[in-house]
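Presented below is the structure to which this report refers.
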């Protein structure tokens, strides 16, 4: 088995990776030295009939639903081609902001199209990696040799198009998936050339075991943590003290941000700590300065010794004070148990809130519905392997065995979205009604699923906010799409 990196990127019809649909996928496979070893992959996905595209997304990417209808394949085939690439043995899938966006799109695609949504991330020696936080760590700890663009407010910009422009790297068509992939590889090569030790160190952090080793939980040692949750003006960097394993998440480690004085929290009850966990800026009271480092999400952590006094000063981090705060926490061992209890209490409240806000629809139940059993996975593979012409034929599911209550509706939608010719008259009418309802009214609880009125308003807003020929062309195409789709569903 030869280890390779599959650099990939999606474009989509919206900014919500959990529910908006992909429009384009591109990927380039390289060896570990970042040399291209296969021809690039690029494929479009035909647009959905039950969800409006977001006009601003179409404006940004330049991709309209008409283009993907003409150039694309159905979502099942789109997913099959992608899964074949991602699941190849020894593949590390990588991108730019890919763990937060592209990987989520992938999971939802796999789920809707009857694949296990997680296995490709770890099975057969596979892994995943995200360059954006590598870039942030490089800027924070080892910035030499790279030009770092800034935003209007003076903070560093980590936008891929800004970085490539500042460093003279080719990025001819930002927000075209294949162009973005090439730009990501170019940025990776730049970091690997200028900071080879940092590059190799961060690449190793794609493995959970390596992350846990570097956290040194139980040692009482602090570590550097670089992530987007910390202010860009402070280098997206802080120093944290790993406290304890998350009581409910196998891959989570709870850490305390040592920029902040822990003394107000050390004697608080678990109930009060739970109330202060993840408190929003709109809520009264201070937020408890803890977070969870997920070992399966390639977190950027490093020994404290890698942070020079000069860089610490640049990012307004007082290392002497950090040490005092660390010692203060270590002097209160009971705090760790109360933190664990606080996370349990917080989870109970979140579970109750989610239950009241649950969208009881299989399209929205990837995470709420649990993992598929082995029996369910076998059934899903049986469906995928069945010739499309046989789907829906009388008796074709007579011997099917599965457990998951999501699967009957998922199977119906899989056929309707990808193989509508397999629907009988009653099923076709049911699908039309489903699409008409979603297009007219959206989905209660999903603010990103536009109703017809919201879609029309968003088109008008686009032309107001982005005056010019490009916006007018996109708006005209989206108006035509509305007419075409509604006419198709009414016939």
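Yeah, the Cβs are placed from backbone N, Cα and C, and that goes for glycine too.
Following the DSSP three-state reduction, the secondary structure of residue 9 (Mg(2+) 1 binding site) is strand. Under the heading Mg(2+) 1 binding site, TrEMBL lists 9.
The substrate binding site feature in TrEMBL is assigned to 11, 159.
Taken from TrEMBL, the feature Mg(2+) 2 binding site covers 11, 180.
Look at TrEMBL and you will find 196-347 tagged as domain 'ExoI SH3-like'. Model confidence over the domain 'ExoI SH3-like' (196-347) is summarised by a mean pLDDT of 95.
According to TrEMBL, the domain 'ExoI C-terminal' annotation covers 358-486.
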> Looking at the binding-site residues 9, 180, which sits with the largest number of other Cβ atoms within 10 Å of its Cβ?
Replying inline: 9
> When the Cα-Cα distance from residue 180 (Mg(2+) 2 binding site) is computed for each of the binding-site residues 9, 11, 159, which gives the smallest value?
Replying inline: 9
>> For a quick check of packing: other C-beta atoms within 10 Å of the C-beta of residue 11 (substrate binding site), how many?
In response: 24
> Roughly how many Å separate the Cα of residue 9 (Mg(2+) 1 binding site) from that of residue 159 (substrate binding site), to the nearest whole number?
Replying inline: 14
> Three states by DSSP: which one describes residue 159 (substrate binding site)?
Replying inline: coil
>> Long-range neighbours only, meaning 6 or more apart in sequence with Cβ under 8 Å: which ones does residue 159 (substrate binding site) have?
In response: 149
